[in-house]
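Record features (TrEMBL):
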type	residues	note
BINDING	Glu100, His103, Glu226, Arg231	chlorophyll a 1 binding site
BINDING	Arg105	chlorophyll a 2 binding site
Amino acid sequence: MAATSAAVLSGLGSAFLTGGKNSQTLLSAPISARVGGSGSPRRFMVAAAAPKKSWLPGVKAGGNLVDPEWLDGSLPGDFGFDPLGLGKDPAFLRWYREAELIHGRWAMAAVVGIFVGQAWSGIPWFEAGADPSAIAPFSFGSLLGTQLLLMGWVESKRWVDFFNPESQSVEWATPWSRTAENFANATGEQGYPGGKFFDPLSLAGTIKDGVYIPDTEKLERLKLAEIKHARLAMLAMLIFYFEAGQGKTPLGALGL
């Protein structure tokens, strides 16, 4: 398991994905060197571990099945559910949380898109791409190729940023913006960049004198709300897939 963790943490070391020799040097450097190399002190927020909650509160026994020792309640939405022991290794636990968060955000966007799309066009979501009356005048191959190209580029940058935080908030990585600070991590927490670009409504912070200042209390509350909604959305998408296999749609199942 330790060897596997080391392989995962090594990431993709190619120059294309790590942004050249400078980023590769950072990836191989110790954490202390990464923090001090920018010339400005880094601010780290250490959140106190919340009281552990259980997904089976009525059961006091059960060992790691009910109360895994590797889950301490510090993650938002952590109710001690890990029957397969996927999070035993801290490296994998961090990666799985990142994956859960990203998949959940896509699922939330997909659920809204499925309802709105069918309500607007009357076309089932699983037939929209092949329907000749679809709004987008593109072939399936064109859509697939464009998505693979754009999503591949964005996801490769996210992958690199996971192993080397803030390495992508540079000018060459954001050619459409002359201000790389817009894409920097304003909260100091992985997966929650905040800032004026990613939090334009200042839901998790405030802007003072043009500087985004995160609000820890608001951020923690929103993180919990987001992961709960994300999990519901992923479950909803699973149900939508089963319905689609029977030729049914969510609106049809609701009688609409």
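Using N, Cα and C of the backbone, Cβ positions are placed for all residues, glycine too.
Reported as a whole number, the C-alpha separation between the residue listed as 'chlorophyll a 2 binding site' and Glu226 (chlorophyll a 1 binding site) equals 8 Å. Residues near Glu100 (chlorophyll a 1 binding site) in space but far in sequence (CB under 8 A, at least 6 apart, same chain), listed by position: Ile227, Ala230, Arg231. In this record, chlorophyll a 1 is bound by Glu100, His103, Glu226, Arg231; the longest C-alpha to C-alpha distance in that set is 12 Å. Excluding the listed site residues Glu100, His103, Glu226, Arg231, the same chain places Gly77, Leu101, Ile102, Gly104, Arg105, Ala107, Ile227, Ala230, Ala233, Met234 with Cβ atoms within 8 Å of the centre of the chlorophyll a 1 site Cβ atoms. Over all protein chains present, the Cβ of Glu226 (chlorophyll a 1 binding site) has 18 other Cβ atoms lying within 10 Å.
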